[in-house]
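Participant: Sharing the feature lines straight out of TrEMBL:
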DOMAIN    39-288  domain 'G-protein coupled receptors family 1 profile'
TRANSMEM  21-46  transmembrane segment
TRANSMEM  58-76  transmembrane segment
TRANSMEM  88-107  transmembrane segment
TRANSMEM  191-214  transmembrane segment
TRANSMEM  235-258  transmembrane segment
TRANSMEM  270-290  transmembrane segment
């Protein structure tokens with residue numbers, strides 16, 4: 001610890017000091033990471049290869065999977081490596097990059113979920129104007145705005161967190177460079193730093209949450225007017241998974257970022273951090289696939305022997321050109 005305070009890096013405390021428990025944590029995280037990797041890559045592959053899924057809804061879903069893939073890759077591999085090597089050290093440069101990409105991707109995920117809710121609102125409440133409003137150019141612009149918004153948010157948070165000198169034992173009671181924990185390490189730590197970061201995060205998330213709630217309020221009021229029970233079931237099957245993802249992600253992240261930072265981390269704090277860093281990227285592919293007949297049909301088609309042979313023949317002919 002004495003050597004660490006004189007260095008520019010940080011010590012990530014992780015879940016336990018027991019090396020056997022650290023190895024167990026690494027194995028569990030590795031399994032979860034591989035599951036998230038497989039699920040999100042499958043969605044990206046399916047929505048790219050199957051022309052039946054070339055619609056705005058699946059276009060946004062593909063970018064959500066890409067965001068989830070990047071989001072979980074920011075924190076989990078580093079945590080696995082630290083646990084296996086029994087070394088929680090992370091350099092200043094690595095921590096800065098981790099904070100930037102973590103905040104940027106989290107903000108982009110909130111933004112893409114907002115766009116997806118608007119897409120469902122237009123599809124259900126304004127079906128005759130859907131193709132006009134959600135044309136390919138509008139979808140591309142929305143996705144560009146999502147990534148740009150995330151990047152600006154990441155830059156803002158990174159600049160605020162690392163704009164003041166850090167003092168004392170550079171110990172972070174988390175398995176990654178967590179923003180609330182970083183604020184406690186500032187030499188001139190004042191509430192204005194926390195307020196600035198929390199206000200920016202809260203206002204952005206609140207705007208997205210209000211937009212999502214307004215979209216779903218109109219969606220559910222329109223669904224209740226559908227005379228057919230089968231029609232209502234079909235609409236709910238596409239909307240409820242998205243609403244579940246939004247609620248789960250924003251509630252866990254909101255609890256972690258809005259609560260006042262404490263001097264020590266409890267097991268509950270670690271659990272909430274897992275709920276918004278690890279669980280959503282892993283469950284999103286499952287939630288969106290299990291209740292979506294088009295996705296399940298496309299998955300069976302992609303994994304079928306005939307489709308595999310056809311793709312193999314196509315790429316073989318392509319490489320011979």
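The backbone N, Cα and C atoms fix where each Cβ goes, glycine too.
Keep in mind that what you see is a predicted model, and the values were worked out from it rather than measured.
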Participant: Should anything in the same chain at least six residues away from the transmembrane segment (21-46) have a Cβ under 8 Å from its Cβ atoms, list it; otherwise answer none.
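Facilitator: Same-chain residues near the transmembrane segment (21-46) but 6 or more away: 14-15, 53, 61-62, 65-66, 68-69, 72-73, 76-77, 79-80, 83-84, 86, 278, 281-282, 284-286, 288-289, 295, 298-299, 302.
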Participant: Kindly state the mean pLDDT of the domain 'G-protein coupled receptors family 1 profile' (39-288) in the predicted structure.
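Facilitator: The answer is 81, the mean pLDDT of the model over that range.
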